[in-house]
Amino acid sequence: MLDKVKHIILVLSGKGGVGKSTVSTQTALALRENGLKVGLLDIDLCGPSVPYLLGLEQCEIYQCEEGWVPIYTDASKTLAVMSIGFLLKNRNDPIIWRGPKKTMMIKTFLNDVKWDDLDYLIIDTPPGTSDEHITVMECMRDVHCDGAIIVTTPQCVALDDVRKELTFCKKTGIRILGILENMSGFVCPSCSNCTNIFSSNGGAELAKLAGVPHLGTVPIDPRMGVLTGTTSSVLKEIPESNTAATFKNLIQKIIA
């Protein structure tokens, strides 16, 4: 039921643990801050983090005649969320499924969720280039996808895996909106200086090598941790931060 969705954006990475879910949630929240109606679909079946990041773990989804009804974060219904996490009784419960069952669930989320009119649908995907990604592309053959945000961290081991994701996108015809470098340095909570505790500029160099846009860098900022478990946007809560500047620039590029 994607016919009421104007724009669809994938958040991808070849590497796990690079912060795709954080990027997905803050992108969705930033779009909402710009007066848009947004949906956030979490199809990382083995590690659904979105309900936890938004403080929605206690919410339960239900079905109506038209399909699954997503969770709305407030009465304005400007942010709708769907995740396998809403079907788990305990956040420690694992999803122990083989490929076919994963494929069926992803098809259900893409085809049977009752999204209302949305300006943007952000799809948070699992790491890698496996069955889940192929299923997404198969289900979206008849739907226009605006493109993918590729998330990486500056270390070489992450960049090597992200290169594979770039190749996957090119082979499957996914437009690459650009590369976002997450965990790019650590912002001191006392003096606000940023220290490169890992390497630096890996995302920018990879973007240059691949011939795709570099969407900016997001440092490790302890103030971001305070936003975990809420539906607060970094644009509103810490507008003076480098993180807010990056997401503001990202949203401008998405809307443009």
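Placed from the backbone N, Cα and C atoms, the Cβ positions cover glycine too.
The ATP binding site annotation in TrEMBL covers Gly14, Lys15, Gly16, Gly17, Val18, Gly19, Lys20, Ser21. As annotated by TrEMBL, [4Fe-4S] cluster binding site applies to Cys188, Cys191.
Note on Gly17 (ATP binding site): other Cβ atoms within 10 Å of its Cβ, all shown chains, come to 12. With the fewest other Cβ atoms inside 10 Å of its Cβ, the least crowded of the binding-site residues Lys15, Lys20 in this structure is Lys15. Under 8 Å, Cβ to Cβ, and six or more positions away along its own chain, Val18 (ATP binding site) finds Pro127, Val151, Thr152, Thr153, Ala158, Asn182, Met183. Taking a C-beta cut-off of under 8 Å and a sequence gap of six or more, Ser21 (ATP binding site) has these contacts in its own chain: Asp42, Asp44, Ser49, Val50, Leu53, Asp124. Of the recorded residues, Lys15 (ATP binding site) and Cys188 ([4Fe-4S] cluster binding site) place their C-alpha atoms 26 Å from one another. Remark: of the binding-site residues Cys188, Cys191, the most isolated position is Cys191 (fewest other Cβ atoms within 10 Å of its Cβ). Of the listed binding-site residues Gly14, Gly16, Gly19, the Cβ environment within 10 Å is emptiest of other Cβ atoms at Gly16. The binding-site residues recorded for this entry are Gly14, Gly16, Gly17, Gly19, Lys20, and the Cα of Gly19 lies nearest to that of Cys191 ([4Fe-4S] cluster binding site). Put simply, Gly14 (ATP binding site) is 29 Å from Cys188 ([4Fe-4S] cluster binding site) when counted between their Cα atoms.
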